[in-house]
Amino acid sequence: MDMIFSTIFSAEWLVAFGSIVLLDLIMSGDNAILIALTCKNLPKEQRFKAMFIGCFGAVFIRIVLTCFAATLLSIVYLQFIGGLALLYIAMKLLIDHGGSAVVEIKKTSTLLVAIKTILAADLIMSMDNILSLAGVANTVSGDKWILIFSGLMVSIPIVLCGAQFFLWLMNKFPIIIYFGSGILAWTSGKMMVTDPGIGYYFISGAPYIECGLTTIVLSIGWYFNKIHVKNLKNAKNMVSYK
């Protein structure tokens with residue numbers, strides 16, 4: 001027991017712990033936006049529950065992935081496929097939550113669907129982040145599980161607060177939903193162009209690809225949301241006419 005405590009409170013361990021917390025907070029900005037987007041249409045009494053379960057599940061996923069970081073990141077096409085999946089999630093979240101029509105329509109989001117979306121997206125988005133966490137953990141000797149687990153757990157309350165803040169902003173200023181989806185689309189493009197299998201074909205044009213994908217997602221989202229608004233107005237006019 002004394003040996004464990006002496007290891008945990010050593011300068012080496014504390015520096016690594018602080019680095020993991022800082023790295024995870026820096027990399028969790030888009031995760032907080034994703035969580036807020038996903039939970040926006042949930043009933044108020046279910047929002048925090050979805051955020052809480054989603055954050056803890058995401059921590060578990062990151063711990064497991066960090067332990068297999070080198071192997072996962074060397075799998076050819078994995079990041080490219082993950083980027084495509086994240087692109088779909090960014091577009092779906094924007095279409096589901098952007099525009100006043102979607103907000104006014106009967107809320108169909110469920111707690112289980114929201115949690116699944118948070119976990120799936122975090123799994124995808126974490127693939128290009130875990131190597132840095134694993135690198136920091138490898139700077140200390142001995143068992144790294146406690147270090148990784150402790151560092152990620154500390155960041156949970158901050159991510160939850162960040163998600164709550166973004167949720168408040170989205171309800172007050174719906175246009176921010178486009179900003180959030182744009183960040184997810186940009187992240188998906190970054191993942192695709194850094195894939196170890198085919199990324200080198202696109203690396204020279206990476207900024208254009210990332211901007212292009214972001215523009216496509218925002219344009220498609222805007223188009224579908226415009227249709228939703230038009231359909232809602234037509235439905236209201238028909239009801240008023242009757």
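Backbone N, Cα and C atoms are what each Cβ position is placed from, and that goes for glycine too.
The feature transmembrane segment is assigned by TrEMBL to 13-38 (among others).
Taken from TrEMBL, the feature transmembrane segment applies to 50-71 (among others).
Look at TrEMBL and you will find 77-95 (among others) tagged as transmembrane segment.
Positions annotated as transmembrane segment by TrEMBL: 107-125 (among others).
What TrEMBL records for 145-168 (among others) is transmembrane segment.
Here TrEMBL flags 175-193 (among others) as transmembrane segment.
The transmembrane segment annotation in TrEMBL covers 199-224 (among others). If you look at the transmembrane segment (199-224), the same-chain residues 6 or more away from its ends with a CB under 8 A from one of its CBs are 79-80, 87, 90-91, 94-95, 98, 178, 181-182, 184-186, 188-190, 192-193.
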For the transmembrane segment (145-168), distant same-chain residues with Cβ under 8 A (at least six beyond the ends): 8, 13, 16-17, 20-21, 24-25, 28-29, 31-33, 35-37, 39-40, 47-48, 51-52, 55-56, 59, 62-63, 66-67, 133, 137, 176, 180
Intrachain neighbours beyond the transmembrane segment (107-125), with Cβ under 8 angstroms and 6 or more residues off its ends: 30-31, 34-35, 38-39, 41-43, 46, 49-50, 53-55, 57-58, 61-62, 65, 82-83, 85-86, 89, 93, 96, 184, 187, 191
